[in-house]
Amino acid sequence: MLEKKTTDLESAVLVGVITQQQKEDKVQEYLDELEFLTYTAGGEVKNRFVQRIDLPNPKTYIGSGKMEEIAAYVKEHEVGAIIFDDELSPAQQNNIEKLLKIKVLDRTGLILDIFAQRAQTSYARTQVELAQYEYLLPRLTGMWTHLERQRGGIGMRGPGETEIETDRRIVRDRISLLKKKLKKIDRQMETQRGNRGALVRVALVGYTNVGKSTLMNVISKSEVFAENKLFATLDTTVRKVVIGNLPFLLSDTVGFIRKLPTQLVESFKSTLDEVREADLLLHVVDISHPNFEEHIASVNETLKDIDSVQKRTIMVFNKIDQYEHELIEEDDLVTIKTGKHFTIADWKRTWMERLGDNAIFISALNRENMEEFRKRVYNEVRDIHVSRFPYNNFLYPENLDAYSEDSN
Ligand SMILES: Nc1nc2c(ncn2[C@@H]2O[C@H](COP(=O)(O)OP(=O)(O)OP(=O)(O)O)[C@@H](O)[C@H]2O)c(=O)[nH]1
Ligand SMILES: [Mg+2]
């Protein structure tokens with residue numbers, strides 16, 4: 001019963017809700033992301049359902065009318081799973097499963113599934129497994145009910161309860177075992193980090209799929225796995241990078257996402273230690289994404305969770321090659337200029353007003369503006385290094401241009 005199964009998502013329908021706080025166009029954008037997540041998990045989205053609700057229905061999250069509409073659709077078409085953009089309570093998940101008789105997932109479950117598929121090292125696998133069991137624990141009752149249906153309910157309740165208790169105990173034991181295992185690996189990793197000595201530490205952070213690994217590959221000439229799917233990177237990679245003749249450590253780590261499941265933040269805490277212990281953050285943003293400003297806010301939320309929001313940070317706006325803006329015709333006097341009409345130059349002006357030279361615009365893919373980027377990182381790393389080792393001052397010129405020939 002506790003065997004982990006990879007979810008078969010071949011065809012799925014998505015559900016989102018419109019609320020006071022969540023307007024219709026936002027819901028569609030969120031569902032776009034959920035569709036991308038589904039695709040990353042290996043699924044294909046057949047249809048989307050959206051409902052306007054004031055309060056979620058405690059039994060089925062959405063209202064009964066919408067539920068009937070979905071049930072009719074599911075009956076007509078081959079649908080393997082229904083995926084909700086919001087977190088369902090274990091009871092809701094269970095009720096909906098009973099009604100539709102297909103797999104019911106929420107956003108958290110889907111993200112956990114992707115993490116499970118993508119975890120490569122035993123460290124990442126242990127972290128994901130821990131998160132999965134923590135997600136599973138309150139849902140065990142539901143899983144039992146599911147069995148009850150197969151076996152025919154009457155008379156099963158007594159032994160059922162005991163079995164739930166047994167399962168809970170197994171899961172709890174497993175959780176504490178995994179926690180112990182992680183602690184042991186953590187101690188080893190801490191020692192490793194400690195051995196790295198006095199080098200300045202720089203961490204790439206950002207929303208998933210913004211180009212962190214691509215940028216890492218460009219600066220460190222290494223080969224880190226990058227692809228156009230979410231959560232390509234789960235483990236942290238650390239490379240020694242030299243700009244001019246100044247060496248520092250650069251780490252690439254797991255991408256963040258809106259409403260990152262708390263179980264995952266918890267169990268990935270030690271992966272995120274690399275971020276927590278960094279001297280400088282490079283916050284990479286995909287400026288070609290229509291929601292990039294919201295992505296920045298989500299990333300800052302997660303940084304807050306790991307006490308890293310106050311760190312020195314350079315905002316790196318990536319994918320300028322792919323950026324497109326909407327035009328306002330010259331004779332159009334009605335349309336008000338908003339973010340989507342901004343050119344890259346407009347965005348530069350806005351962000352530089354806010355952050356000065358802590359905002360940089362590049363294309364990691366086309367290597368655009370990489371010189372400026374490297375100079376900026378050099379200056380910042382040098383500054384940190386020199387403040388730590390003032391007697392090293394003479395080693396590194398104040399300006400990268402001082403190097404007649406770049407060694408990197
Ligand atoms: N057009 C364009 N695409 C880019 C650029 N940088 C990266 N990409 C693409 O964006 C996709 C994601 O890149 P990754 O480097 O894997 O992104 P990541 O931030 O490491 O993603 P996760 O590890 O999944 O969080 C890949 O398809 C890259 O080729 C860029 O400057 N311009
Ligand atoms: Mg990556």
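Backbone N, Cα and C define each Cβ position, glycine as well.
Please treat TrEMBL annotations as automatic predictions, because they have not gone through curation.
According to TrEMBL, the protein carries these features:
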- 200-385: domain 'Hflx-type G' (DOMAIN)
- 206-213, 231-235, 252-255, 318-321, 363-365: GTP binding site (BINDING)
- Ser213, Thr233: Mg(2+) binding site (BINDING)
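Features per TrEMBL, on structure.
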residue: Gly206; record: GTP binding site; contacts (Cβ under 8 Å, 6+ apart): Lys212, Gly255, Phe256, His283, Val284, Val285, Asp286, His295, Val299, Val316
residue: Asn209; record: GTP binding site; contacts (Cβ under 8 Å, 6+ apart): Asn228, Lys229, Leu230, Ala232, Gly255, Asp286
residue: Asp235; record: GTP binding site; contacts (Cβ under 8 Å, 6+ apart): Gln120, Thr121, Tyr123, Ala124, Thr253, Val254, Thr271
residue: Lys319; record: GTP binding site; contacts (Cβ under 8 Å, 6+ apart): Val210, Gly211, Asp286, Ile287, Ser288, His289, Ser363, Ala364, Leu365
Close-lying binding-site residues around ligand 1 among Asn209, Ser213, Asp235, where CB distance stays under 6 Å: Asn209, Ser213
Those binding-site residues listed as Ala232, Val254, and which of them has the most Cβ atoms within 10 Å of its own Cβ: Val254
Binding-site residues whose CB lies under 6 angstroms from ligand 2, from Lys212, Thr233, Ser363: Lys212, Thr233
Assigned element (helix, strand, coil) containing Gly206 (GTP binding site), judged by DSSP: strand
Thr233 (Mg(2+) binding site) - helix vs strand vs coil (DSSP): coil
